[in-house]
Amino acid sequence: MSFLHLAILLPFMAAILIPLFYKQLKHIHTGWFVLVVPVILFVYFFQKIGPVSKGLNDYSTANWIPSLGIQFTVYADGLSLLFALLISGIGALVVLYSIYYLSKEKEELHKFYVYLLLFMGAMLGVVLSDNLVVLYTFWELTSLSSFLLIGYWHTREKSRYGAVKSMLITVFGGLSMLGGIILLYLITGTFSVREMVIQAAVIMEHPLFLAALILFLLGAFTKSAQFPFYIWLPDAMEAPTPVSAYLHSATMVKAGIYLTARFTPVFGLAPEWFWLVGGIGILTLAWGSFNAIKQTDLKAILAFSTVSQLGLIMSLLGAGAAALHFESLDDNLFTVAAVAAIFHLINHATFKGSLFMAAGIIDHETGTRDIRRLGGLMNFMPITFTIALIGAFSMAGIPPFNGFLSKEMFFTGMVNLLEFDLFNADTWGILFPVLAWVGSVFTFIYSMIIVFKPFTGKLQAEKLEKKPHEAPLGMLISPVILASLVILFGIFPNILAASIIEPAAASIYPFLLEDGEKFHVHISHWHGFSPELYMTIGVIVLGAILYATQSKWKRLFKLFPEKLTLNRLYDQSLHGLESGSEKIQKFYMTGFLRNYLGIIFIFTAALTGWALFAQSAFSFKAESNAPIGTYEVVLAVLMTAGVVTILFAKSRLTSIIALGSVGYGVALFFVLFRAPDLALTQLVIETITTALFLLCFYYLPELQKREKLAFKVNNLLISLGVGTVVTLIALSANSQRVSKTISEYFIENSYKEAGGKNMVNVILVDFRGFDTLFEITVLGIAALGIFAMVKLRMSRKEQS
Amino acid sequence: MKRTNLKTNDLILQTTVNIVFFIIFIFSIYIFFAGHYTPGGGFVGGLLTSSAIVLLLLAYDVKTVAAIVPFNFLKVAAAGLLIALATGAGGIFYGEPFLKHAHGPVHFPLFGEIELASATAFDLGVYLTVVGVTMTIIQTIGETE
């Protein structure tokens, strides 16, 4: 155990204590106690920046299940630290914001903060774990706590719908990822990420490689809301706004990004990785930004913009994998993509967090998030407007905010791909910059919608539930801090370069660095007249024109049929799964005993018959059989007559008598085959059972029709099949005796060992008395059962 | 069991049963003891004993039979199970496995040397259980309306 372990466990320990504070100290908002946790964590991780940027990574391990190679190993390098800082930093701001956002009188705060702390701890566990099984454990914990947080207002139907949807999709991905982890373990023999990175070449050669890669990416893509799994994210907006800001913009959705970055050194050399990560990412970017424009709910716009921005980061990671094909850092054009990914990750967390908080303020102070009802809020909420303006302009990529810089780098990374000459990138690679540019135009448009629709224009006071006014100071602290960071990172981007981005990039490209060499990142505002500058200018110009004329072309969205959306596909397939499984179940669970018996018999006959002939086990040898005597023939004929009578009897009484005759026939057979004990017992038992049958017959209700049994062909076929198969098996078994029976032993020893001459009885009470003991127990239970059934019958009145 | 309201006089049946009952009962005891050497044993013996009692039930009514054979047959079955279990467990105290039986000549004051087997005690358990079980079943069903 180390401090790093304790840092991960701290939120969990706090989660245990928080309900106590909630119950005992009701007059203080529980959030204040919670706030301590992320602040401590942030300070702790902040002081780690120094050592980590010098390459002193923290590594510590604690035993969990050592026999299975599962250790709670924590590892803090540049990438992990970046995420840990985001989680704890934004976590602190979100907790502060939620203190003013959630009312302590109306809400069940203890639940909210327990879920939030669970999430925080799980997220820290994901980014700091080196052991993949531990990582997976925390990964599922984030899914679970996210589910609880989305469904926080569980009385609302939409919350529950969104929670279930996100749960199904992320857990589907999580389980796929577990499959990937197990495959990787089979390939490498270790669960440790660091050891897998060293064995990257082995993994590439292995036949299971592609399956592991795809399963892994399924996990990352579902969590990070990539195409086509993004559909859960817009529905997750039913969560309280602090949750949306924290989970669904800054942290949880970046778990997939983290995983992709973390596994770039393992899988990155493969063309599948380049195309899947890069291609899906750029597709998600364009599709998400395109869809964001048609939304009318502020949080829905932000959700789609998150999808699109995550796609941007994902595509950069895919492009960054191209750098792995070079031996060193010199002349490596493609590392800029990964650097841009890291930089944009930080920027996105800052501006998206502030935008969500601004949207939450608008919701809180006006009672609606619908942009069609909002307008003219600028004069009432100047500070919120400023925050939204900074956030949205940064998202659109306008200087001097940080989004501009990362978007420039994004374009650089995409344009550089044109130089990449592997994996057919020289032909299809042109799609990357084109889609990137188109997506950026859409991004610009919806960013403008976010700022200008609610804040400018005319105030529609009659459509609002409350009279709008500026938010309380406490609610503004967090977004103001985030917006200041947007400006700070925008103007002085290089304060991040050496401290955070360089070590993080170093952990994505561990092999590119020589010993002692450091990654060098310098972010500059001015590149000269490069293609990306013209692209940015084009985005702003075209975006501004399209925004101004949006009423003219927005009808375009109506061309897309509602039926072809992915949401509809999800709903339909869920519905289809339910109704389909219901149909299957209704097909075989009919509730009729005869159907179940039919299934059992068909399978028994078919399986044993198939086994008999597939193994060509059937054989028939008559030479060792005993000669057939007259008595046996006569008895057999008599018994067959009895059996046939049972089948075709018109009344029950006939069947019972015929059954009795069969029983006595069996007793006679026992006599004939010299089994006196069996004959005696069979005679008495047959008499008793016949008497019991007659008793049942006597009490049958009067109305029962004494009809002939209905004849059914399939019943005949089933019974013929079972009879045939059993006969065949008996014949084959009889003709294939391989060893002597053990009866020799009993014959020799029944008097010598047990002092008895009746061998049957000696076997029953002595050699195998154990069976007898439990057979009489069975009898006792049967008697008790009958006694209980008859005596303890509750009357119908008592039952109801 | 009887559903007729007519009072019938079963004199011949009852007189015959009075005699036959003892014949069957003694035969069942014989079958039980002879089990170790000739066909028979606890199971058939028990069934025969209960058939003797059933004969009584046929000739007389349930209450009379309950007075003649004043046993709670569920307890008889339980006692049989206990005896079987106890004889099985007896071997454990001599360091032998469960259900290991002993046999050998035992000297009795009046009868002299007699060959005895502990398996017979186990068989007695079987016998009592079978009697208890069959009689419980028949009595319970017989007493229901």
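Glycine is no exception: its Cβ is also placed from the backbone N, Cα and C atoms.
What TrEMBL says about a protein is an automatic prediction, not a curated fact.
According to TrEMBL, the protein carries these features:
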TRANSMEM  A:29-47  transmembrane segment
DOMAIN    A:65-113  domain 'NADH-Ubiquinone oxidoreductase (complex I) chain 5 N-terminal'
TRANSMEM  A:81-100  transmembrane segment
DOMAIN    A:129-417  domain 'NADH:quinone oxidoreductase/Mrp antiporter transmembrane'
TRANSMEM  A:134-155  transmembrane segment
TRANSMEM  A:167-188  transmembrane segment
TRANSMEM  A:208-233  transmembrane segment
TRANSMEM  A:273-293  transmembrane segment
TRANSMEM  A:300-324  transmembrane segment
TRANSMEM  A:430-452  transmembrane segment
TRANSMEM  A:596-618  transmembrane segment
TRANSMEM  A:630-649  transmembrane segment
DOMAIN    A:637-702  domain 'MrpA C-terminal/MbhD'
TRANSMEM  A:713-733  transmembrane segment
DOMAIN    A:713-791  domain 'MrpA C-terminal/MbhE'
TRANSMEM  A:772-790  transmembrane segment
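In summary, the transmembrane segment (A:430-452) does not lie against the transmembrane segment (A:713-733): fewer than three C-beta pairs, each 6 or more positions apart in sequence, are under 8 Å.
Between the transmembrane segment (A:208-233) and the transmembrane segment (A:300-324) there are at least 3 Cβ pairs closer than 8 Å, counting only pairs 6 or more residues apart in sequence, which means the two stretches are in contact. Within the model, the domain 'MrpA C-terminal/MbhE' (A:713-791) shows a mean pLDDT value of 87, rounded to a whole number.
Among residues of the same chain six or more beyond the transmembrane segment (A:772-790), those with a C-beta under 8 A of the stretch's C-beta atoms are 764-765.
Residues in the domain 'NADH-Ubiquinone oxidoreductase (complex I) chain 5 N-terminal' (A:65-113) partition by DSSP class (helix H, G, I; strand E, B; coil) as 32 helix, 8 strand, 9 coil. When the domain 'MrpA C-terminal/MbhE' (A:713-791) is classified with DSSP, helix, strand and coil residues number 67 helix, 0 strand, 12 coil. With DSSP classes pooled into helix, strand and coil, the tally for the domain 'MrpA C-terminal/MbhD' (A:637-702) is 57 helix, 0 strand, 9 coil.
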